[in-house]
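S.K.: Just passing along the structure, written as structure tokens.
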Amino acid sequence: MDGTCTRSSWWSASSSRGRGGEEKERLTSPVPYRVGPYDYSPAVKCLCNRKAPCWTSWSDDNPGRRYYRCPSGLKPGDCGYYAWIDCQTTEYERVLLCDLRDAVWQLRKEKAEEQQQVQRVQEENGDLRQLIVQLENEKDDLKKKMEEKEQLDIKENRNFSCFRRCIVVFALLELLFVLKYSRM
């Protein structure tokens, strides 16, 4: 640890005051940890004599600043140990890091909203696909019924056509009969 760095309270290391967005966003780091909180050496021990994890603060006062703290972390059994690893940033760096952090959180929020919208559209598409399948089945059923009706109509037309021919033949026979017997 650099002796020129100052210590601050755990609260100022972990709290955010009004910048950045929703509480859930504040609980996630805007950038992934490059190494796990215990993947460092030599080990730094807290007052409980356990290896203290190394975390990164994303508060407004200390964005991007690394620190060690007791593994119990504000839970029962926490010895209250914390120590800054990095020196405090300049005002320019602090504002820049906070702006970048907020931009990442905003992009994550927009991405989550877009993913929800995509999921809603996919669900609607699924419903529409089912409706299309249902309509296609109904169309096929109607087409079959129409073909059956046409077949019946063709049969009826044949029968009706035959009936008309018979009527015409009988009419002609009657006319011939009338003509033949009317001359006599």
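Residue positions begin at 1 at the first shown residue.
Glycine too: its Cβ is placed from the backbone N, Cα and C atoms.
Just so you know, TrEMBL annotations are computer predictions that nobody has curated.
Heads up, here are the entries from TrEMBL:
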- 104-155: coiled coil (COILED)
- 7-17: compositional bias 'Low complexity' (COMPBIAS)
- 46-88: domain 'GRF-type' (DOMAIN)
- 1-28: region 'Disordered' (REGION)
S.K.: Taking every residue in the coiled coil (104-155), what is their average pLDDT?
M.R.: 89
S.K.: Looking only at the domain 'GRF-type' (46-88), what are its DSSP counts of helix, strand and coil residues?
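M.R.: Per DSSP, the residues of the domain 'GRF-type' (46-88) fall into 0 helix, 13 strand, 30 coil.
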